[in-house]
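According to TrEMBL:
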- 1-21: signal peptide (SIGNAL)
- 19-117: domain 'Ig-like' (DOMAIN)
- 175-257: domain 'Ig-like' (DOMAIN)
- 281-303: transmembrane segment (TRANSMEM)
- 307-343: region 'Disordered' (REGION)
Amino acid sequence: MAAQAAAGTWVLVLSLWGAAAIVSSRNVTARMGEPLVLNCKGAPKKPPQELEWKLNTGRTEAWKVLSPQGAPWDSVAHILPNGSLLLPAVGIQDEGTFRCRATNRHGKETKSSYRVRVYQIPAKPEIIDPASELTAGVPNKVGTCVSEGSYPAGTLSWHLDGKPLTPDGKEPVSPENVQLVVEPEGGAVALGGTVTLTCEAPAQAASEIHWVKDGAPLPLPASAVLLLPEVGPQDQGSYSCVATSPSHGSQESPAVRVRITETDEVGQSPGSMEGSGLRTLALALGTLAALGIVALLIGVVMWQRRRQGKERKAPESQEEEEERAELNQSEEPETAESGAGGP
């Protein structure tokens, strides 16, 4: 029975492990109630492993230490066979710092550190106690807007015919454009690259700027710039920014999508462009060198042929001179005889 229970526990752990997203970035946001897996960088993929996890969260008064040899921490956290840490169901009390120190079989030590925050998507807002009719010229209570379940706490704003109302309720304000600029353009980035999101809002409409991913608010400090270093699969999604001010209410920018793509699709990096230029230069120099060698060989062949031609002509000229000399010698006696036989 104990063995069956243990096997059942591991089946549950491994099934949760397969469903959870494996996180490698340093700042982690996780949805409440869902599993979370944190990688221990540098850890051997299977036992025996020399590693330990240290946790400082809302559940601990000080650092809590977990190791593969130790018992799991109730239903809060388990160390998986590959050294990663599994939190089966993340809660508010799991916000905090998680650190792992691993030593591989060659004695090299690697440390990992994560800052975990959790969020909960709010329920759809609704108006309770709505007014059945309104009286012109006097203040009227339209109703009370409520939304439950949000963590961290969000903000509520009223709209009339799609336009946000000011807090004093005097008149709707035409929303000014809030734009979201993404670098690199288009939001396409190679794995491990950096994405910079900049929220551009009118000064009068942006006392605070918060960020939203896939419809859920990100638990980050208010900032006009969101930096995503070392982009991984968990960073993909749809991002927008919300500018909030007392006079203009909340205005959300159009969403942009961040996605990981192949290097060729994103474009060549300066290093790859430099390498391509060097290869082109080397190819050109190689071609010129080959042409030079061919020209040299052709010159050598032509020079040898000319030399052989001159050597052939020299003996022929010598033979002609000898023949001419013999002819001259034979002609001289004939001339002498003809002179002696005269009157």
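Glycine is treated like the rest: Cβ placed from N, Cα and C.
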Secondary structure content of the domain 'Ig-like' (175-257), with strand meaning DSSP E or B: 9 helix, 40 strand, 34 coil
Composition by DSSP (helix, strand, coil) of residues within the domain 'Ig-like' (19-117): 4 helix, 45 strand, 50 coil
Mean predicted confidence [pLDDT] for the domain 'Ig-like' (175-257): 85
